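Participant: Structure provided below as structure tokens; questions to follow.
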Amino acid sequence: MPGSPVNEKEKDASFESHQLPYAASSAVDPRRVLRKLDRHLLPFVSALYLLSFLDRTNIGNAKVAGLTTDLHLTGLQYNLCSAIFFLPYTFFEVPSNMAMKLLKPSRWIPFIMVCWGIVMLSMAFVKSFSGLIVARIFLGFTESGLFPGVTFYLCLWYPRAAQAQRVSIFLSAATVAGAFGGILAFGIERMKGIGGLAGWSWIFLLEGLITVIVAALSYFFMYDDPETAPFLTADEREWLVNKIQEDTAGLAKTFQWKFLGQALKDPHTYLYMVLYLFSALPAYAFALFLPTIITGLGYSAAHAQLLTIPPYVAGCIVTVAFGALSDRWTMRGPFVLIGALLGLTGYVILFATREAVVGYIGTIIASCGLFPAAACVLAWTGGNVGGDVKRGVVIAMTIGLGNLGGFASSFIYRAQDSPRYHPGHATNISCLAIAAALSAIGMLEFHKLNKQKQLQREKEGITKDQMDKFREMGDQSPLYRYTL
């Protein structure tokens, strides 16, 4: 807490404030502040990501509903339509995150949502492969700002010790989207022929309409920053701003080009990027091809839509649980490691079995590892990068490379590999093994650096009163501690 006297031998609060339990002060109850943030921020931003993930992956439901047949897609044309989304989505993430930093979230987020909702509506009326390709390109461009933007947004509002659980809840919306998408697709597909539209057209049309409506509402539910939050009292705003300032060791928040350079030169940036790449690729493959994998197990197309629901429900529960435990123990790496190993186990089962029920259990186990691992990687990244501008850039770069994994994942489940899809399962097993290894390397690296910083502080007599001296050093500051 601000102003609490802590002996240097016990480690300065600014060094480890993210590891200390919250305690009430005379004016502010920190847990009450967090509950207020949870009520006013989390439900809505999670709903936004649910729609974003639903709109980018509903092409998998549309495929099972007859999209490839009606548009006469052959060979790898469907895979290319899935993949092309990720190119503009990746390359416009960093500019979009910087735009949100310069503009207001309450303006930027509704704007991009309206844009991608309109694109989704247009996808209902495509008549050819080329039309679908163009629509997916524009969808990637317009959606590029939401995921990294909201991840960055949550890191600006929550103290480090509370971030993993909230980011996990936010990302669990992807699993809810998967379950919700299966239910919607099963029902909407029955609208085939109404208005002269195919069932898959109605999937795009109704889900795009929902996005546009929510976008209009989001202007009234997005708050720009803790300093101006109307739902907090003046004392609560002051406590929250001070707490976040402590977590970042007083690092600079204003935009300067040199902070972009810091992000590009920091080798840890590339550790986060590669770790997220190998975590996200299997997760995207799962989201894009789960209905296809289930039909490959021997289930009908209609049943496959419904059978996508239990794996996503299980993944949602485990993602939220991992986030809560990660915050309780203030650790990220172990949960990335466990998640990667769980996902790997699920894909090993899918690779090895010929039994439909056993393979289906494998999809549930895989979901319980894939989504929690990806969520904890992003919480690890957001919590370990010092300075608002550098953090925004690193998060966008990390998610950007991960989304190139989404591009690659679109090609690993090919029609000629059905029904068992061994090459796709083997690719995911390899990716998750690499992710597990990288998470272990990251934990060792950050433990070593924390020890070095502790020795530097003790040797040079550095205290939290010297924050201003190091405020432009980012997480290289001796006052900044990494989360393991």
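Glycine residues also receive a Cβ, built from the backbone N, Cα and C atoms like all the rest.
For reference, TrEMBL lists these features for the protein:
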type	residues	note
DOMAIN	41-454	domain 'Major facilitator superfamily (MFS) profile'
TRANSMEM	76-96	transmembrane segment
TRANSMEM	108-126	transmembrane segment
TRANSMEM	132-155	transmembrane segment
TRANSMEM	167-188	transmembrane segment
TRANSMEM	200-222	transmembrane segment
TRANSMEM	270-294	transmembrane segment
TRANSMEM	306-326	transmembrane segment
TRANSMEM	333-352	transmembrane segment
TRANSMEM	358-380	transmembrane segment
TRANSMEM	392-413	transmembrane segment
TRANSMEM	425-444	transmembrane segment
Participant: Counting Cβ pairs closer than 8 Å, which of 132-155, 270-294, 306-326, 392-413 has the most of them with the transmembrane segment (76-96)?
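Facilitator: Per the Cβ under 8 Å count, 132-155.
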Participant: Between the stretches 108-126, 132-155, 333-352, 358-380, which wins on the count of C-beta pairs under 8 angstroms to the transmembrane segment (167-188)?
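Facilitator: Of the candidates 108-126, 132-155, 333-352, 358-380, 358-380 scores highest.
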Participant: Using Cβ distances below 8 Å and needing 3 or more such pairs, separated by at least 6 in sequence, tell me whether the transmembrane segment (270-294) contacts the transmembrane segment (200-222).
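Facilitator: The transmembrane segment (200-222) and the transmembrane segment (270-294): touching, no.
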Participant: With pairs 6 or more apart in sequence, are the transmembrane segment (108-126) and the transmembrane segment (200-222) linked by at least 3 Cβ pairs under 8 Å?
Facilitator: yes
Participant: Would you mind listing the long-range same-chain contacts of the transmembrane segment (392-413), meaning Cβ under 8 Å and 6+ residues beyond its ends?
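Facilitator: Residues packing against the transmembrane segment (392-413) from afar: 76, 79-80, 82-87, 89-91, 93-94, 96-98, 100-101, 147-148, 151-152, 155, 259-260, 263-264, 266, 269, 272-274, 276-282, 284-285, 288-289, 292-293, 374, 377-378, 381-382, 385, 421, 423-424, 427-428, 431.
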